[in-house]
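> As annotated in TrEMBL:
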type     : residues : note
TRANSMEM : 35-54    : transmembrane segment
TRANSMEM : 75-94    : transmembrane segment
TRANSMEM : 114-133  : transmembrane segment
TRANSMEM : 145-164  : transmembrane segment
TRANSMEM : 184-206  : transmembrane segment
TRANSMEM : 213-234  : transmembrane segment
TRANSMEM : 240-260  : transmembrane segment
TRANSMEM : 281-303  : transmembrane segment
TRANSMEM : 323-344  : transmembrane segment
Amino acid sequence: METGTSIDKNGYEGIKNGSWFSQFRNGCNPWMARYVYGLIFLLANLLAWALRDYGRGALTEMRKFKNCKEGGECLGTEGVLRVSLGCFLFYFIMFLSTVGTSKTQSSRDKWHSGWWFAKLFMWLGLTIFPFLLPSSIIQLYGEIAHFGAGVFLLIQLISIISFITWLNECFQAQKDAERCHVHVMLLATTAYTVCILGVILMYIWYVPDPSCLLNIFFITWTLFLIQLMTSISLHPKINAGFLTPALMGLYIVFICWCAIRSEPVGETCNRKAEGSSRTDWLTIISFVVALLAMVIATFSTGVDSQCFQFRKDENHEEDEIPYGYGFFHFVFATGAMYFAMLLVGWNIHHSMKKWTIDVGWTSTWVRIVNEWLAVGVYSKLTKTNPLLPVFDTVCNV
């Protein structure tokens with residue numbers, strides 16, 4: 001079995017401070033490992049999509065699995081769930097085997113960063129294993145995946161709020177306060193302008209008729225939430241400034257836009273969806289971008305374990321691991337459930353069209369609730385100002 005070449009402390013420091021290419025050239029190390037895990041996650045996404053949209057071509061091979069019932073229960077929505085379950089099991093096993101790792105050069109650090117042939121066979125075996133399970137177990141996993149995907153969205157939300165708070169604190173920590181203040185105001189003004197422009201465009205695109213009351217409610221309520229976050233942030237007892245509510249405004253406007261776009265094709269209030277009902281290059285490009293964005297979001301959230309520390313610790317030891325391995329794999333495990341929900345539209349009992357992702361009324365309401373939850377979490381953390389450092393990382397630019 002492959003254990004990877006041993007790297008001393010000086011070697012680890014050189015890899016850490018080296019180029020992106022050097023992280024791969026120097027063999028097994030935690031910085032290279034995270035990209036490999038991200039690649040495995042992307043391959044699982046592509047396999048799930050292929051089974052959903054083009055699985056009929058593999059129908060003959062699927063008939064070999066007795067639990068697939070002539071191949072029908074291993075394709076489409078169930079095919080997505082089976083691939084998702086295999087991906088979840090892989091990352092959950094990695095989570096259990098690496099959680100609590102604190103030092104480089106330890107056995108669990110070497111397992112996380114090396115043994116790639118063993119882990120490749122383990123991933124392939126766990127990907128095939130769900131196709132041997134009966135449909136009832138897969139349906140049960142699909143129900144559990146709703147909860148796991150919700151956990152992923154919550155982790156991602158806290159990570160985004162952490163980044164926005166970190167960015168605001170970095171600007172405030174600059175030595176040239178006056179010049180920094182001008183930069184903050186320019187950035188905040190730009191963010192608010194984009195928010196207003198986004199709201200106006202949503203009214204134009206998604207409210208073609210006064211009878212579109214639900215879309216009017218979604219957009220108007222988003223505008224109200226931006227005003228609410230700004231009012232809370234500027235309250236004399238909080239005084240958090242304009243930047244954080246402006247950036248949070250951008251985030252919730254984006255979520256609202258995604259929610260309305262998730263409305264099913266054929267709705268009279270969603271002309272954009274009607275225009276994209278046929279499969280063209282724009283539809284394909286949109287699907288690919290959405291898929292890559294989901295993988296990148298999972299990757300970036302996974303390496304952001306510091307935002308969940310309950311205290312700041314600026315005294316890092318030389319042999320301390322660069323990121324939380326257990327947290328990294330846990331995010332990917334919940335991300336496996338999340339990509340399944342996106343590919344089936346959060347409804348395991350309905351089929352999706354080719355080249356579509358996260359479409360359906362369930363998807364719309366999941367995003368709307370996520371938007372409201374984002375504002376609630378931000379407002380709570382802003383009001384209880386002493387808790388903000390819980391989700392901060394050290395500003396080290």
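Any Cβ shown, glycine's included, is placed from N, Cα and C.
All TrEMBL annotations are machine predictions without curation.
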> Using a Cβ distance cut-off of under 8 Å, indicate which of 75-94, 213-234, 323-344 has the most pairs with the transmembrane segment (145-164).
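The stretch with the most contacts is 323-344.
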> What residues in the same chain, six or more past the boundaries of the transmembrane segment (240-260), come closer than 8 Å to it by Cβ-Cβ distance?
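Result: 160-161, 164-165, 167-168, 171, 184-185, 187-189, 191-192, 194-195, 198-199, 202, 206, 215, 218-219, 222, 225-226, 229-230, 232-234, 270, 358, 363-365, 367-368, 370-371, 374-375, 378, 382, 385.
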> Cβ pairs under 8 Å with the transmembrane segment (114-133): which stretch of 35-54, 75-94, 184-206, 213-234 has the most?
75-94
> Can you find at least 3 Cβ pairs under 8 Å between the transmembrane segment (35-54) and the transmembrane segment (323-344), where each pair is 6 or more residues apart in sequence?
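Counting Cβ pairs under 8 Å, at least 3, so yes.
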> Would you kindly list the residues that approach the transmembrane segment (213-234) from elsewhere in its chain, counting only those six or more residues past its ends and only Cβ-Cβ distances under 8 Å?
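For the transmembrane segment (213-234), the sequence-distant neighbours (Cβ-Cβ under 8 Å, at least 6 residues beyond its ends) are 195, 199, 202-203, 206-207, 240-242, 244-246, 248-249, 252-253, 256, 259-260, 269-270, 368, 371-372, 375, 378-379, 382-383.
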